[in-house]
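Annotated features, as they stand in TrEMBL:
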- 21-319: domain 'BBS7 beta-propeller' (DOMAIN)
- 377-486: domain 'BBS7 GAE' (DOMAIN)
- 494-596: domain 'BBS7 platform' (DOMAIN)
- 599-712: domain 'BBS7 helical hairpin' (DOMAIN)
Amino acid sequence: MDLNLNRTDYLQVGVTSHKTMKLLPASRHRATQKVVIGDHDGVVLCFGMKKGEAVTVFKTLPGQKIARLELGGVLNTPQEKIFIAAGSEIRGFTKRGKQFLSFETNLTESIKAMHISGSDLFLSASYIYNHYCDCKDQHYYLSGDKINDVICLPVERLPRMTPVLACQDRVLRVLQGSDVMYEVEVPGPPTVLALHNGNGGDSGEDLLFGTSDGKLGLIQITTSKPIHKWEIRNEKTRGGILCVDSYDIVGDGVKDLLVGRDDGMVEVYSFDNANEPVLRFDQALSESVTSIQGGCVGKDGYDEIVVSTYSGWVTGLTTEPVHKESGPGEELKINQEMQNKISSLRSELEHLQFKVLQEREKYQQSSQSSKAKSAVPSFSVNDKFTLNKDDASYSLILEVQTAIDNVLIQSDVPIDLLDVDKNSAVVSFSSCDSESNDNFLLATYRCQANTTRLELKIRSIEGQYGTLQAYVTPRIQPKTCQVRQYLIKPLSLHQRTHFIDHDRPMNTLTLTGQFSFAEVHSWVVFCLPEVPEKPPAGECVTFYFQNTFLDTQLESTYRKGEGVFKSDNISTISILKDVLSKEATKRKINLNISYEINEVSVKHTLKLIHPKLEYQLLLAKKVQLIDALKELQVHEGNTNFLIPEYRCILEEADHLQEEYKKQPAHLERLYGMITDLFIDKFKFKGTNVKTKVPLLLEILDSYDQNALIAFFDAT
């Protein structure tokens, strides 16, 4: 059965955070529901639809930015009380808009996530989790990394209270009181948690999670250990997951899974007989989806998916058909309805145009008066800079509440800009003088009309570190611009992991000196991505990392006065040694540096590079054959006479040529890594071998793995 959903836009509020829109419970089965939404202006708006028009039930005055909106109430009754988190305060409203609660939590940070269950309130700021019961403090936990979401298993179905925290370090922390019962590793930084089917599934323990790199999974949280049930890999490289909901939109009696992503993709997954999710429907919106709910808003009896987007649009994807079947009398009625709608839209448009003229005049007067303050219009930018494990590149996503005119990218460190298929902007490069002003890249992206979201892909080189800057200019008058900065770290391609292979040949770098735990932690934050800004609790900490490009690994253990770094790649140790000694010198700290080099690790790293290098060289050979094979095909009329390998090359010709376009950068990158490895190996022995690099490059041009290893050993 195909799922056909038609889009209808209801209204627009201010910019929204994720999980700030809910549907109030219906008075009866499949009756229309009211929508309640909170925005960055601090306004809570509740509205319903009547005769195709959005009618406001209540609207609060502006205030602090609303970070979360949840529904609550007495357990086992309709959850129709509205709770919002703004700053460090929780406010409660009835469905009619009467405020009945104002609770100042006294948290030092703003609330980022909230879950409500009866009289229990679960809150988290960046690193702090608090549990309140009837507004009285019950439990507290300080997390080692940022908390992105919080949820509690349903207390009405289970004999225990089990809060779960989704943390940035790819871990779900399952709590009991103020203590961690156990940790669950997930395949990406979890951004959102939800109860499966809205109630925890058959067991009441089933928990859905979505990650910032677009993966989705289901885990059963038992009292003793987690049971991983299924996981959806992000095969189509879609955006990160911001919101999920369970609702039977297909109408087969089984709740479907609704998913909203930060690239604007809305997905519906149904469950087959084996309880495995199957994608049934997807639709792309032009901006990130911050909240998603299943219900009935537009018309009685027609199910729909209601979403809110970053810039505040509330949109429905409804099962109501666009073209209704009708008799002659009904047709007249529909025409009349349409005429009324058109005339009301016309009058609304005229009113808006008049308002714009008034505001423009007012702005002109205020900016020209002698007492005029700077009247630069402000706008909100939602940005995300993340490392993709699959292709070892960084993804920079810039989203603005209004249309983007252009984005200027400037970098003081060598980086490559990669093509992004979804990107319709026109890019132009300016020549740079890297020697005199540290500019390695200047590129301008000119966006097409109504583009509010731009995605860029960036590839960095380890050992080269600095700052990438994005100057974002929207299509508003007068012209104004916001600058966003992103650090390219010395070991920028490393990603946090929780396990490493201790049997690999490791090189060790040891630092000792008069430095504090906070100082050595700040150096690790400077060098490596995905390390929490605050020093973790305790006197000593160990972090594991994996290089997303080469799969080499790094173990860092440090405490006050000592830091030990182990890696199977000498180049990683060399970069750390150079950067850490430079940072210590800046702070006038005397460091004692010692290292142990394992010769076997060089051959091990070359073997890790080998398949990548071989693939790139083979790709070049295949592309060289394409023209000759096409000529033969034209001459013979078919490809039956060719061996399967050559037939395969012809079938994949377009894909191979597309990949080959990117190939020079790939080869250059691999050659650079091998050259660095060669220089670093001998640097630790106190020998400068830079004069032998041309000879090494000659060997790489006629690549043979054994000849390369022999060259490394013989030098």
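Backbone N, Cα and C define each Cβ position, glycine as well.
Across the candidate stretches 377-486, 494-596, 599-712, the maximum count of CB pairs under 8 A to the domain 'BBS7 beta-propeller' (21-319) is reached by 377-486.
Helix first, then strand, then coil: DSSP counts for the domain 'BBS7 helical hairpin' (599-712) stand at 95 helix, 0 strand, 19 coil. Predicted-model confidence for the domain 'BBS7 beta-propeller' (21-319) is 91, expressed as mean pLDDT.
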